[in-house]
Structures are given as structure tokens and as C-alpha cells.
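Student: Just dropping this structure here.
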């Protein structure tokens with residue numbers, strides 16, 4: 001029977017191939033020849049193909065969108081929606097090009113750091129399960145796959161309704177640029193979800209295995225543990241502390257790399273939801289496809305927020321494990337070891353605060369929902385008074 005971690009790893013492999021096919025991921029993952037460990041390697045030819053194809057598609061998409069805005073669309077609200085969509089996709093495409101061309105080596109180093117961290121955590125006793133996360137990660141990945149599939153198939157009705165060469169080219173360009181823009185949010189989701197999975201797996205080891213090993217130092221007759229036992233326990237503490245520090249360091253490096261794209265994707269998602277919801281109200285709630293768009297954008301933001309909140313909360317769980325009550329020794333070096341372990345854990349708390357403006361947590365969704373409902377309620381009352389609805 002497949003476990004949740006194995007299913008999550010399979011979903012990640014499938015989404016990796018999908019992102020590679022869409023030109024977002026430019027590197028390959030292969031097993032190292034020496035030990036068989038997974039390593040991210042640069043694919044220079046495919047990287048050049050991704051950059052050139054994205055530039056070509058974006059130019060063609062911009063031309064077709066400008067033609068539609070100037071000559072086809074006759075509704076002011078639809079024109080505003082098209083302009084916002086065009087601006088968001090072009091900016092996201094520029095960010096992807098910068099990440100592939102300018103920050104390519106930095107991305108590769110970061111991916112390899114993730115692989116190294118998972119190998120270290122899986123090497124701990126009791127953590128030999130080869131996979132990714134648990135049930136929580138599987139649930140979030142399942143809903144993320146649903147959002148990916150809905151984004152792909154949302155353009156198919158338009159293709160069937162007006163089948164022609166020009167319509168095919170336009171649909172392909174729109175799908176390619178839309179998926180590329182949303183891939184930034186998906187990459188942030190996977191990165192922060194991985195940080196949360198690493199913290200959760202290491203916390204389980206500390207909660208069960210490490211505490212059991214520390215409590216085994218207590219002798220039944222009240223004798224003190226020997227130097228060898230204390231040295232072995234100290235090595236385990238140092239190993240756990242080094243992994244905690246490395247997780248926080250890798251997570252902070254990923255956050256610094258994706259800080260501006262994360263702000264952009266959140267801003268574009270909130271703006272798109274507000275504008276599309278406003279148009280739905282003016283259209284008397286009749287456009288079902290726009291409702292699906294709003295729901296998909298909202299679910300994407302919720303999943304991203306849950307992944308970030310899970311990573312931040314998991315980094316604070318270890319403080320409540322009460323390891324200081326496990327074993328008391330008369331040796332000063334052991335007391336110093338435990339104090340350093342517990343105090344340094346308090347220093348390496350993982351936080352996500354884009355550009356220092358706000359901290360991403362579950363409360364962010366509530367703040368946005370309250371503001372959106374207030375805004376739409378005001379618009380609805382004003383439209384009813386002016387007989388627009």
C-alpha cells in the first residue's frame with residue numbers, strides 16, 4: 001500500500017515534468033554517479049530554448065492582446081481586465097527570464113541544498129521513509145494539482161467554439177504565458193511546503209527518538225550517565241541543531257530569492273480577484289467561467305499561505321518539546337550543551353515577511369476577505385441605488 005509521503009513524491013515528480021515541459025524549469029535532476037543521490041544539473045541547450053521561446057511567445061501574446069484591446073473589446077470593464085492580465089503576464093514573464101538567465105546558478109545551488117537537507121533528515125534513525133512529507137503535504141499537493149489542471153483546461157472551450165489557426169495560436173500563447181506566470185506561485189508553494197516538511201520530519205525525530213535517547217541516560221539506581229553516553233547524546237544534539245540551522249538558512253535563501261516574485265504574485269492575485277469579482281457583479285453574476293477563475297485564484301493564494309504558515313509554525317514547535325526536562329547531570333559541559341541547544345533554537349525561527357511589509361500567515365487571508373467583502377458590498381449597494389444591477 002502506498003504511503004502519503006510516496007504519493008506526494010510521485011505528484012512532485014509529475015509536476016516537475018509538467019513545469020519542465022512548460023519551459024519554467026530549465027534544469028534536469030539525475031542521480032549522482034558516485035552515490036546515486038539526486039543532483040540538479042544545468043541543461044544549457046534547453047535553457048536557451050526556454051528563454052528564446054518565452055520571448056517569442058510573449059511578443060506574440062502582447063501583440064494579439066493589444067489588437068484585442070484596441071479593436072475587438074468594446075466593454076470598458078473587459079478592457080480593464082485584459083490590460084491587467086496583459087501587464088501581470090508580461091511582468092511575470094520578465095521575472096522568469098531573469099531567474100533563468102541571471103539567477104540560474106543560484107537556483108541550481110538552492111535546489112541542491114534542498115536535496116542535501118532531505119538526505120540528512122532521511123538519514124536520521126527512524127526517518128528512513130523515502131518520500132515527501134505526510135498527509136498534510138499530500139492534501140495540499142492534491143488541491144494544487146486540481147488548480148493546475150483547471151488552469152490548463154479553462155482555455156479549451158474557447159478553442160472549440162472558434163476553431164481556426166489564429167484562435168489556436170492565441171490560445172496557445174495565452175495558456176503558455178498564464179501558466180508561466182502562475183508557475184512562480186507554484187514554485188513558492190513547493191519551496192515553502194518543502195521547508196515545512198523538513199521541519200515536521202525533524203520535529204518528529206526530536207519529539208520521539210531524541211527524547212527517548214535522552215531519557216535513556218537516566219539510570220534506574222540514580223547513578224550518573226558515563227562520559228561515553230553523554231558524548232553520544234551530545235553528538236545527536238549537535239547533529240539536530242546543525243540540521244535546524246541549515247533548514248533555516250536554506251529557507252531564508254529561498255525567501256530572499258523569491259521575495260519580490262512572491263510580492264508580485266500576491267498583489268496580482270488579490271487585484272485580479274477584486275477586479276473580476278467587480279465585473280461579475282456588474283454582469284449580474286451570470287458568467288460561470290469568471291467565477292471559476294476567482295475560485296482558482298483564491299485557492300492558489302490559500303494553498304500558498306497554508307504552506308508558508310505551516311513552515312513558520314513548524315519552526316516554532318521544537319520550543320514546546322520540553323527537552324530541558326529530559327535529563328539532568330552534574331557535569332557542567334552537559335548543562336552548557338543543553339543550554340546552547342535550546343537557546344540557539346530560539347534564534348533560528350523561520351519567518352516570511354516579503355520586503356518587510358507584512359508577515360504571511362493565515363490571518364492574511366482573513367484580512368483580504370474582509371476587505372474584499374466590504375468593497376463588494378459597497379459596490380453592490382451603490383449599483384442597486386443607481387439601477388445598474
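The backbone N, Cα and C atoms fix where each Cβ goes, and this holds for glycine too.
Any TrEMBL annotation is an automated prediction that lacks curation.
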Student: Pick from 241-261, 262-282: which range does TrEMBL record as transmembrane segment?
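Tutor: In TrEMBL, residues 262-282 carry the label transmembrane segment.
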Student: Scan 78-99, 100-121 against TrEMBL and say which stretch is down as transmembrane segment.
Tutor: 78-99
